[in-house]
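Student: A single structure is presented below for examination.
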Amino acid sequence: MTDTPVTLSGSECNGDRPPENGQQPSSQTRKTTDADETQTYYGVEPSLQHLPAKENQEESGNSKGNVLPRGSEDEKILNENTEENLFVVHQAIQDLSLQETSAEDTVFQEGHPWKKIPLNSHNLDMSRQKERIVHQHLEQREDESAAHQATEIEWLGFQKSSQVDILHSKCDEEEEVWNEEINEEDVDECAEDEGEDEVRVIEFKRKYREGSPLKEESLAREDSPLSSPSSQPGTPDEQLVLGKKGDIARNSYSRYNTISYRKIRKGNTKQRIDEFESMMHL
């Protein structure tokens, strides 16, 4: 047997109209018989209308299968897009802040726009009067500050000059006291030096006088005829001349010793004592 497909509309299937041209019922049936023709069955073939639905289901399944592995890529793209959007937002915020600051700078430099509005004559007069009052007040303050500074400078200068004078007077007094003390010390030292010199000279003269008779006796013994029989006794004139020469020598020797002692006294005490003793033993 051969099957003949028959297509029916929805109304015909529902029984609204009877079938035309003696066609069979709405559903396609196929009657098959076995070789024994004991069993019959009806098979419904799929119509063409159901085929696109299956194809669409297969395509949708394929599309779902294709979408599943792309999830990670989509997430990456979304993350990148969010980062780009955040960067754009930050950039826009920075631009707005820069614009605001530039606008504030221009307003600060050029002044507010309401200040640039031309004023009436009455308003101008009032503003000028206010400005004059302010300028006068400022000038008065400046004058007062200048006068105050001048008085301070004068007072400070007077104080400084008085302090300087006091310091100078103190220094002069200290110098005078110092000079007086030095002069007194010098006078005392000179007096002590002179007293010591006089004492030394007196002692030296005493020693020299005590030693001079011994020297004269020794000289007389040498000049006596007993010691030198061939020698002749000197005349009194010669003895006077010898006595004068001896006095001159004594005076010069004592003077030399006093001068040298004064020179020696300026050095060390031990050194000058040793030198003086050595001079005494000459």
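For all residues, glycine too, the Cβ spot is worked out from N, Cα and C.
Given the structure is predicted, the values throughout are model-derived calculations rather than measurements.
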Student: Which is it, of 183-202, 263-282, that Swiss-Prot names as region 'Binds actin'?
Tutor: 263-282
Student: Scan Ser11, Ser72, Ser102, Ser145 for the residue that Swiss-Prot records as phosphoserine.
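Tutor: That would be Ser72, per the phosphoserine annotation in Swiss-Prot.
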Student: Quick one: mean pLDDT on the region 'Binds actin' (263-282)?
Tutor: 66
